[in-house]
Amino acid sequence: MNSSAPAPAIGSQFNAGDIAWTLASTALVWLMIPGIGYFYSGMARSKNALSLIMLSCCSIAVVSVQWFLFGYSLAFSKTGGKLIGNFDNAFFRNVLDAPSVGNPKIPDLVFMIFQCMFAALTPALAIGAAAERGRIVPTLVFIFLWTTFVYDFIACWTWSGNGWSAVMGGLDFAGGTPVHISSGAAALAYALVLGKRSGDQRDFRPHSMSNVVIGTCFIWFGWFGFNGGSALSANLRAAMACVVTNLAASTAGLTWVMLDYRHDRKLSVLGFCSGAVAGLVAITPASGFVGPPASVAIGFLGAVACNLAVRLKHYLKYDDAFDVFAVHGVGGVVGNILTGVFAQSKIAALDGVTVIPGGWLDGHWIQVGYQLADSTAGMTWSFCITYLILIIMNKIPGLNLRADAEHEHSGLDIAELGETCYGHMDSKGVVDTSVEVGEANSGTQSVESLTEVKSAP
């Protein structure tokens, strides 16, 4: 008779609550990505709205495949170097039930899929700068290459245990540098390489504020998983991250509205949405290190800095279609620096594990220097590598980045997708694609009708 005890179930050593919270946060971050698509589509002219939603969703697909092939291994292999990982975990080899590099209480498999959503979201942010003039297929190729040569490197040095910034002592709870600074710098490079959109700048008005608001709601809702989930544990630190995230976004949204009101004497819905996103960006690196009072200051200062950066764009004369650099690049840098000011060891210790010297509030004066070094490195790496990728792609036949003038005029939805957001097909197979171009002549919008006849199925 065999009296030996049965072997423990695979994964039984992990905390089920931590796993559940991290998986729920994974779903929340996933929801942010189509939210970005709706946010961008509302800010674009309607003839390009569907292509922006599609590109955001395709970012999930492209990066998920890249993450499986080698992306996760390059960013988070446990034996990686200070700058980049290796191929130990390519094809998700040995990514199952070992303790993860983020939290030993959750397995590698859970940590991997959570981080996959961050990797998929980041290029979806960056490609907003190319809206209404960037071809779709080259954009998908760019997403794959950019994730490999930019995102994976910065994620490795920021969050991997061997990364130089992590070893130095840089603090980045949920992606100030890997997500926001990197996407903002990439957006600036993309805008410079592509050049300005053709047409009268007064025409470039949001065609659907309802889409902008819906997108903002998805983004704000998902950000609870983005920041709160980065605790990788269902604990008090995760709860505090959710609290400060909501407070910073609320403060920033109201601040932006007041700043715009000074100029226009209108309470702008677009201003509130832009401000809320700026506050979410600024609080991201600090969300696991600061308390509620600091989050109010971060939200306010983040909104002021990003609002000024948006206005500066008009003087510098580059066409970042949706102000990705101004909101995510500038907001990420501001958030990183303020993390060095307001980080407190007692907030980080709410998870019962993390020990940090804190920032200026704790008398750790060098922390802002660490944050500046990390921010500068991330901005420089992303801008330079992105610019190089785009220049090389533009010289390869078939991968030229910009749509031709005819397609840009008719809109990428019809030109490259053959479908529109608002068209409908009648029983005879006629597609009516009446679109509002949004020409801002004397405060009115004109309507341009395009009709395409397709054969009935």
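From the backbone N, Cα and C atoms, a Cβ is placed for every residue, glycine too.
The transmembrane segment annotation in TrEMBL covers 20-40 (among others).
Annotation source TrEMBL lists domain 'Ammonium transporter AmtB-like' at 20-422.
Under 8 Å from some Cβ of the transmembrane segment (52-70) lie the Cβ atoms of residues 30, 33-34, 36-38, 40-41, 44, 87, 90-92, 112, 116, 119-121, 123-124, 127-128, 131, 136, 139-140, 143-144, 147-148, 417, 421, all in the same chain and six or more residues away from its ends. Here TrEMBL flags 52-70 (among others) as transmembrane segment.
Under the heading transmembrane segment, TrEMBL lists 109-128 (among others). Long-range contacts of the transmembrane segment (109-128) within the same chain, counting only residues at least 6 positions beyond its ends with a Cβ under 8 Å from a Cβ of the stretch, are 19, 22-23, 25-26, 29-30, 32-33, 36-37, 40, 52, 55-56, 59-60, 62-64, 66-67, 71-72, 75-76, 92, 95-97, 100-103, 134, 139, 142-143, 146-147, 151-152, 155, 175, 178-180, 182-184, 186-187, 190, 226, 229, 232, 321-322, 324, 328, 386.
The transmembrane segment annotation in TrEMBL covers 140-161 (among others).
If one looks beyond the transmembrane segment (173-195) by at least 6 residues along the same chain, the residues whose Cβ comes under 8 Å of a Cβ in the stretch are 118, 121-123, 125-130, 133-134, 146, 150-151, 154-155, 158-159, 165, 226-227, 230, 241, 281, 284-289, 318-321, 324-333, 335-336, 339, 374-375, 377-383, 386-387, 390-391, 394, 401-402. The annotation transmembrane segment is assigned in TrEMBL to 173-195 (among others).
Marked as transmembrane segment by TrEMBL: 207-226 (among others).
If you look up TrEMBL, you'll see 238-257 (among others) marked as transmembrane segment.
Sequence annotations record features per position, and here TrEMBL assigns transmembrane segment to 269-288 (among others). Same-chain neighbours of the transmembrane segment (269-288): 39, 43, 171-177, 179-180, 206, 209, 212-213, 215-216, 219-220, 223, 226-228, 230-231, 237, 240-241, 244-245, 248-257, 259-260, 294-295, 298-299, 301-303, 305-307, 310, 323, 327-328, 331-332, 334-336, 338-339, 342-343, 347-348, 354, 371, counting only residues six or more beyond its ends whose CB sits under 8 Å from a CB of the stretch.
The transmembrane segment annotation in TrEMBL covers 294-312 (among others).
Among the features that TrEMBL reports, transmembrane segment is placed at 324-343 (among others).
Among residues of the same chain six or more beyond the transmembrane segment (375-393), those with a C-beta under 8 A of the stretch's C-beta atoms are 126, 138, 141-142, 145-146, 149-150, 153-154, 157-158, 165, 176-178, 181-186, 188-190, 192-193, 329, 332-333, 336-337, 399-401. Residues or ranges marked as transmembrane segment in TrEMBL: 375-393 (among others).
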Intrachain neighbours beyond the transmembrane segment (20-40), with Cβ under 8 angstroms and 6 or more residues off its ends: 52-57, 59-60, 106, 110-111, 113-114, 116-118, 120-121, 124-125, 128, 131, 211-212, 214-219, 221-226, 228-230, 232-234, 238, 273, 277, 322
Predicted model, mean pLDDT over the domain 'Ammonium transporter AmtB-like' (20-422): 95
Outside the transmembrane segment (207-226), six or more residues from its ends: residues with CB under 8 Å to it: 24-32, 34-46, 49, 118, 174-175, 242, 245-246, 249, 269-270, 273, 276-277, 280, 284, 435-436, 438
Distal contacts, the transmembrane segment (324-343) - CB-CB under 8 A, six or more residues away: 125-126, 128-129, 171-173, 176-177, 179-181, 183-185, 187-188, 191, 274, 277-278, 281-286, 289-290, 294, 297-298, 301-302, 305-306, 309-310, 312-313, 356, 358-362, 364, 367-372, 374-375, 379
